[in-house]
Amino acid sequence: MKNIRNFSIIAHIDHGKSTLSDRIIQICGGLSDREMEAQVLDSMDLERERGITIKAQSVTLDYKASDGETYQLNFIDTPGHVDFSYEVSRSLAACEGALLVVDAGQGVEAQTLANCYTAMEMDLEVVPVLNKIDLPAADPERVAEEIEDIVGIDATDAVRCSAKTGVGVQDVLERLVRDIPPPEGDPEGSLQALIIDSWFDNYLGVVSLIRIKNGTLRKGDKVKVMSTGQTYNADRLGIFTPKQVDRTELKCGEVGWLVCAIKDIHGAPVGDTLTLARNPAEKALPGFKKVKPQVYAGLFPVSSDDYEAFRDALGKLSLNDASLFYEPESSSALGFGFRCGFLGLLHMEIIQERLEREYDLDLITTAPTVVYEVETTSREVIYVDSPSKLPAVNNIYELREPIAECHMLLPQAYLGNVITLCVEKRGVQTNMVYHGNQVALTYEIPMAEVVLDFFDRLKSTSRGYASLDYNFKRFQASDMVRVDVLINGERVDALALITHRDNSQNRGRELVEKMKDLIPRQQFDIAIQAAIGTHIIARSTVKQLRKNVLAKCYGGDISRKKKLLQKQKEGKKRMKQIGNVELPQEAFLAILHVGKDNK
């Protein structure tokens, strides 16, 4: 056991985690050169296309160190994006140490900080690594100072490497073996294994990634899931050397995978403890804290026949993604679907894309909203995650919106722009600290503004240099109103949105104008209105298409022309009474983009 090292790699997006893990795998000979490819651990197509890591992956490698010993390295690659920080905390729970990778050109960013604090809270040994020293812009001295200043760990002798060229990666491994402590635990004790992650395989059922804290797990053992009390047979187990390799046993301190022929998706929840049925452990390991979704949106299949398939797909996906929340919802405009909760907009996009790709579904999404706390006049507190669930105005005593605490790190040059953006988003500054050339800003901004497009706009106002980390702080009373969209006098529930009263006029007007461009012209006029309660705040009309009924009249009598026009007018009137308007998917997405183009 003293030769096992469990560690994960934490870093901001694009600081080179995945490339560094490629090099480590190459040096330890996990894959032959023929099988080696860039970002070997980002196995999802989506991860490769966007160049981001979404799911944590684990690898077990053997490394022969300079002291002649052979060490077993279990390492877990983690995502860097703010929406997936819960993946990071799960990976860290299985480790004794973490490599903190910082780009020697970019320096410390908000995500680096957030993940590093998570690691320190869990008492992990953090080993700083300066990556990308081959870049002309690299300034390792400055970045080492930044790490000490901002993060507060000693980085004077931080390992310097370039994962791309392979320089210094050997030193990273040596430092790893030297500084990260071996796992603790009792190999003879009763089995306790932590489920770090699980996913669904069409042939094997549920596959779980586990870390053995105490005891030993052998093939054929009967295992018991501690939270549900159900027992299963350990049919197959093994490790990843990126490839799945079968083993007969997993020893104390190791990380591996386990297949128990669990057919039910909720059979092995992530963060749960496995133990042996014949000799169970007394208590479960501390799990992970449940992550609360921050953004909710309705997802509806385009054709109602896909509803069943959609439900199964969500079930399988939620197994792999503990933070996805969903419940059935029906809408008069879109039929049956699900109200889903996500951690942020990127998470929402990724889930929607995975559903469309991996499960071949066509989906319509409604505008994302956050959860509001509503106190009704009867003093009852309810939580509303969809505009259609908001009680009538006269029943609301107080409406409170979620406030997010946003930590931003940015170069001083962009401070003015970023402050302007925060103020425009109704933010309140709570803290500002200068670290050399960097500024650490803390603002309290309403969650609704953060999830809408704050991240994109922060990046564009700071030319990509600012970085953001946010978490939910509290609910606070606010003057929010529901803006309804009426089409030909009928409310479309899927288009309603909740916004602050000060912005409601503008949002309503912009939305109506956007919709006007997106709804195809019909044979009759379509009136699009935005309303707060019964008060109409904006209107625009999609003009009808008209056939030229006078084309066949040459010269001729005016009364003849009037008769034809009158006849056409009556026909249009009749059409309008029975006509339905089909809304394209773009119309629903228009809400997302309200207020983006005119900035």
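Keep in mind that glycine also has a Cβ here, set from the backbone N, Cα and C atoms.
Database features, via Swiss-Prot:
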BINDING   ASP14, HIS15, GLY16, LYS17, SER18, THR19, ASN131, LYS132, ILE133, ASP134  GTP binding site
DOMAIN    2-184  domain 'tr-type G'
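With every protein chain in view, the residue among the binding-site residues ASP14, SER18, ASN131 whose Cβ has the most Cβ partners within 10 Å turns out to be ASN131.
Pairwise Cα distances among ASP14, HIS15, GLY16, LYS17, SER18, THR19, ASN131, LYS132, ILE133, ASP134, which the record gives as the binders of GTP, peak at 17 Å. The secondary structure of ASN131 (GTP binding site), as reduced to three states from DSSP, is extended strand. DSSP gives SER18 (GTP binding site) a helix state.
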